[in-house]
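Listed features, source TrEMBL:
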- 11-34: repeat 'WD' (REPEAT)
- 45-88: repeat 'WD' (REPEAT)
- 89-124: repeat 'WD' (REPEAT)
- 132-168: repeat 'WD' (REPEAT)
- 176-218: repeat 'WD' (REPEAT)
């Protein structure tokens, strides 16, 4: 257990060291921790000027890159071996709630924002690659399909989940309805191409299969408070 003097909003494991993880904090900083060492953080990166709400470690082999998203409306690119950010991504007109690396395309990440847009970025290219006006509400979460490099999902304050095919973003490829309050986190399954899980301020966790006529598979109601995060095991297909 480690202490920090402000709220911690997100965490990501290193993809090249099983003991290392990075957290993002309400004071705008990122902390690098080593679970093999009992003392405080190995490093602290303090560049964001408001809450650092999202952090994600690249899953592409051969590159160790971290992306963070902040309420200061910027995303930042980090190499954990370098003490300062490599690049800052500007363009969002609202707070950034989620920044997620593509599991397929090296140097590509998506961001979801309070400005109602989902954006796709390429770290090697200037500016934003794609802007998708995905909801008429704040978008709190997004994720990439593990089996289709062109498919993303967004979850928003309008209680809906929407799927987006990057080749044609005029219309969502699916819309999933059922949550009764804002959706806080959505994740695609690592084992099934059309399966995803979401959690919400309605206290529920829901499982969906967007390929089915009735996509809602299950609603889990065991929480008695807001459900703010979830993840799916990479090792056990039934574990969340």
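Residue positions begin at 1 at the first shown residue.
Using the three backbone atoms N, Cα and C, a Cβ is placed for every residue, glycine included.
With helix defined as DSSP H, G or I and strand as E or B, the repeat 'WD' (89-124) counts 0 helix, 18 strand, 18 coil.
For the repeat 'WD' (132-168), residue counts in helix, strand and coil come to 0 helix, 19 strand, 18 coil, using DSSP. Under DSSP, the residues of the repeat 'WD' (11-34) split into helix, strand and coil as follows: 0 helix, 15 strand, 9 coil. Along the repeat 'WD' (89-124), the predicted structure has mean pLDDT 96.
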